[in-house]
Amino acid sequence: MTALSYLHEPGVLWNLRQRFQFDEIYTYTGSILIAVNPFAPLPHLYGTHMMDQYRGADLGDLSPHVYAIADAAYKQMRKEGSGQAILVSGESGAGKTETSKLIMKYLAYMGGYMEAHGRRGSSGGGSRSVEEQVLESNPLLEAFGNAKTVRNNNSSRFGKYVEINFNKAGAITGAAIRTYLLERSRVVAVNNPERSYHIFYQLCDGASPEERRRWRLKPAAQYHYLNQSTCFEIPGDSNAEEYERTVTAMAKVGIPADQREAILACTAAVLHLGNVAFAEGRDADSSMVKPGGAAEEALAAAADLLGVSRDGLAHALTTRTRQTPEGPIISPLNVRAATENRDSLAKVIYSKMFDFLVTAINNAIGEDKNCAASVGVLDIYGFESFEYNDLEQFCINLANEKLQQHFNHHVFKQEQAEYEREKIDWSYIEFVDNQDVLDLIEGKMGILDLLDEQCRFPTSTNKDLAEKLYASGVCQGSARFKRPKLTQTAFTIEHYAGPVVYQSDNFLDKNKDFVVAEHQTLLQASSKPFVQELFPAEQESLSEGNSAGGPNKRFAAFKFNSVGSQFKRQLGELMAQLGRMEPHYIRCIKPNSGNKPAL
């Protein structure tokens, strides 16, 4: 790209388009790789024969390629003994996940190559197994954490940072996976023509007859959590074949057979929970499981798979217990509240199961904390702007703002500072510094602080939150914050990638990350060891605590944990980690909104 006679936007776009038309999907701009999603397989570009070519080649000697960036990071790690990070960014559907998998395959190839050639270090034994485990973690996490969206048939609904450990000889000795902000709402609600998480459809279509009997499975179209959309298949993919791949990946990663069975049984239990419908109870503002037929059948299936009594599960779904100094007070829930309570349980089971899966993978692979150096690969959700943008999009776009600042710092600020130190003549390059956006969102008394503050008031509404934002000095004083006309709950943020209108109608509920005390107590007593492990007994006191503190904290119904604050902390830790490593950038581009090749 830097060889263009005129380096301006039309010239850059023309160059990318010309190369793309000849299946040259990779282009360099300096040391940064631009990858344009072809939306079609290009087998001639990948495989061992191509890895052999790029192994050890200097950047720029061969055609631009993702392998070249991976090799540059690997060589720099070996040469300097320092951590390297490959940051893959781009909008949803730009090909970030596939690019990240190609990087991991190349790093596994290099680790295996060095070991095969006998250059072992002191801790190089068994890296072949680690390589396979690292690669097999991809389809496994995709099954439980990816879904079809409007823009992407295999959209990552969580962020992932994989750090691969190497010894001095360059062989793989371990790895660690860190995940960020799983989109929990997708478990219970999905828009047409999107899908929920892949594993649900794989389970319904791919389970054996014996598994179907054991888990009481039905076709996907008969589950409420799935049939809110009419999309049950992805063109070109087989749910049954993907199920076999997922189960195989579980085994290859090192998850024991009993845990594999328990994870899939819990997945089925979540589906059955969604079919538990409610009717009005005998008393005012009360509810009960709808008598007769499908609802009671679903209750029985969910209870049995979770290892709890049917009456106990029904009671936990239709009532709420409030602890007071005088003793517990049991209050009935109306139909709407019971439905929300059911969905809350389904989401917390699935999210805890996902966290367990990540922990199980990490335990099986093993992180080598005494490694010589590491290469990290970051695959995090792309910038999102939809017709309706909720708390998930707000957090996703915060992550992208942080990564954009990281990019600006290394590509512009550090480069220009180096020119000044070396006393090289240069022309100042204008770029948009997005620190003001970050201050607006995560600064003192910024949007996240105000959101947490409102969540601590039991009677606060989403309209109250919006009014608080509109009146906030931080928001009013920011050119990046706007209040759209004719709205009571929406607000606009001018992001680096453009303006996004957020609807705060669900912000309060989604920001409260808690386990309802009744659910915690019920599942602690499960007859299934796996379910007990998801809801350990030591969390009981926490589930009854009050995040606000004070003398009455033990009488609250749940512990409030802020999704936004947790995500902010995780992002801070991630950025601190990336700050200690040398970055390599790959910018993925989506060439058209129809996900079509050759348009």
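From the backbone N, Cα and C atoms, a Cβ is placed for every residue, glycine too.
Quantities reported herein were computed from a predicted structural model and do not represent experimental measurements.
Here is what TrEMBL records for this protein:
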DOMAIN    1-599  domain 'Myosin motor'
BINDING   Gly90, Glu91, Ser92, Gly93, Ala94, Gly95, Lys96, Thr97  ATP binding site
REGION    571-593  region 'Actin-binding'
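This view paints the features noted in TrEMBL onto the structure.
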residue : record           : Cβ neighbours (10 Å)
Gly90   : ATP binding site : 21
Glu91   : ATP binding site : 20
Ser92   : ATP binding site : 19
Gly93   : ATP binding site : 23
Ala94   : ATP binding site : 23
Gly95   : ATP binding site : 25
Lys96   : ATP binding site : 29
Thr97   : ATP binding site : 22
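Mapped onto DSSP helix, strand and coil, the region 'Actin-binding' (571-593) counts 9 helix, 8 strand, 6 coil. In three-state terms derived from DSSP, Lys96 (ATP binding site) belongs to a helical segment.
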